[in-house]
Amino acid sequence: MNHDYGRLVSRAALAATLVATLLLIIKIFAWWYTGSVSILAALVDSLVDIAASLTNLLVVRYSLQPADEEHTFGHGKAESLAALAQSMFISGSALFLFLTGIQHLITPEPMRAPLVGIVVTVAALVTTLMLVTFQRWVVRKTRSQAVRADMLHYQSDVMMNGAILVALALSWYGLHRADALFALGIGVWILYSALRMGYEAIQSLLDRALPDDERQAIVDIVAAWPGVRGAHDLRTRQSGPTRFIQLHLEMEDNLPLVQAHLIAEQVEQAILSRFPGSDVIIHQDPCSVVPRFQQGQFEH
């Protein structure tokens, strides 16, 4: 397990939990003071953020545990389960916003002290932007699905806070239904983010192959290696931070077993240099046992 991976994803999960808690406290005060349904929407979203981020923090720590006798491939799939759980949390908050927004659209109420709401929303926007910037950096370094899921819903928070600012400004000028309309729009965006997040989590749980550029990098390494005539049955997937890579190398029939093994070891090390921490399995096939239509067909 890459030590940097564990350190970065743990810090990202902890940072998200602390930020969500701080924003919840601020938004409770702002909603109580202004009565804004848009700020209530943001408050509910912060409650969901805390639940999701706490879940993330616990699951990330569990997923970083090394493989054991019962989980020989490690615990990385826990990250995908966390992302799926987050999508459910967020979908629930979106439905709540729809109901609240419709109620206030039918019976709009004047907002109290919109300036306080604007100040609080600006503070929330800046804080969330800083968190998302940090999370994006962690995702770029680790490709953690759990942190990426967390980042997606905090990105939706940034958009939501921007929409709330506009709604508060319009309400200040007497357009009281704007608050409810923006709450409905925010609900649509949150629901979209949740569905996208759930789709990505399910794809990971179903062992979707690595991205095209990563598979192509593996093909390029193998195709250029001396002594390798071709390859087939390339299979890839990812569980947490670990990439699983399997393939068959095609070699000359008269190649000594020791030399064939050495070539396979060299190819494996080259792949590991490109994708550190991967689990690589390589099988060596004499060219004569590989059907002609299959020779050199990496993905078949």
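Backbone N, Cα and C define each Cβ position, glycine as well.
What you are looking at is a predicted structure, and each value in this text was computed from that prediction instead of being measured.
If you look at the transmembrane segment (12-32), the same-chain residues 6 or more away from its ends with a CB under 8 A from one of its CBs are 39-40, 42-43, 46-47, 49-50, 53-54, 56-57, 60, 116-117, 120-121, 123-124, 127-128, 131, 134-135, 138, 144, 146-147, 150, 154. Under the heading transmembrane segment, Swiss-Prot lists 12-32 (among others).
Distant neighbours of the transmembrane segment (39-59): 10, 13-14, 16-17, 20-21, 23-24, 27-28, 30-31, 78-79, 81-82, 85-86, 89-90, 92-93, 96-97, 100-101, 117, 120-121, 124, 146-147, 149-150, 153-154, 157, 160-161, 164, 168, 183, 186-187, 190; these residues of the same chain sit at least 6 beyond its ends, with a Cβ under 8 Å from one of its Cβ atoms. Taken from Swiss-Prot, the feature transmembrane segment covers 39-59 (among others).
Under the DSSP three-state reduction, ASP49 (Zn(2+) binding site) is assigned to helix. Annotation for ASP49 (Zn(2+) binding site): same-chain Cβ neighbours under 8 Å, separated by at least 6 residues, are ALA16, ALA20, LEU23, LEU24, HIS153, TYR154, ASP157. What Swiss-Prot records for ASP45, ASP49, HIS153, ASP157 is Zn(2+) binding site.
Taken from Swiss-Prot, the feature transmembrane segment covers 82-102 (among others), and the record attributes it to sequence analysis.
Look at Swiss-Prot and you will find 114-134 (among others) tagged as transmembrane segment, backed by sequence analysis.
Within the chain, the transmembrane segment (156-176) has long-range Cβ neighbours (under 8 A, six or more residues past its boundaries) at 36, 38-39, 41-42, 45, 49, 90, 108-111, 114-115, 117-118, 121-122, 124-125, 128-129, 132, 182-183, 185-186, 189-190, 193. The transmembrane segment annotation in Swiss-Prot covers 156-176 (among others).
What Swiss-Prot lists as transmembrane segment is 182-202 (among others). Sequence-distant neighbours of the transmembrane segment (182-202) (same chain, 6+ residues past either end, Cβ-Cβ under 8 Å): 37-38, 40-41, 45, 80-81, 83-84, 86-88, 90-91, 93-95, 97-98, 100-102, 104-105, 145, 148-149, 152-153, 155-156, 159-160, 163-164, 166-167.
If you look at the transmembrane segment (82-102), the same-chain residues 6 or more away from its ends with a CB under 8 A from one of its CBs are 37, 40-41, 44-45, 47-48, 51-52, 55-56, 59-60, 63, 145-146, 148-150, 153, 156, 180-181, 183-184, 186-188, 190-191, 193-195, 197-198, 200-202, 204-205.
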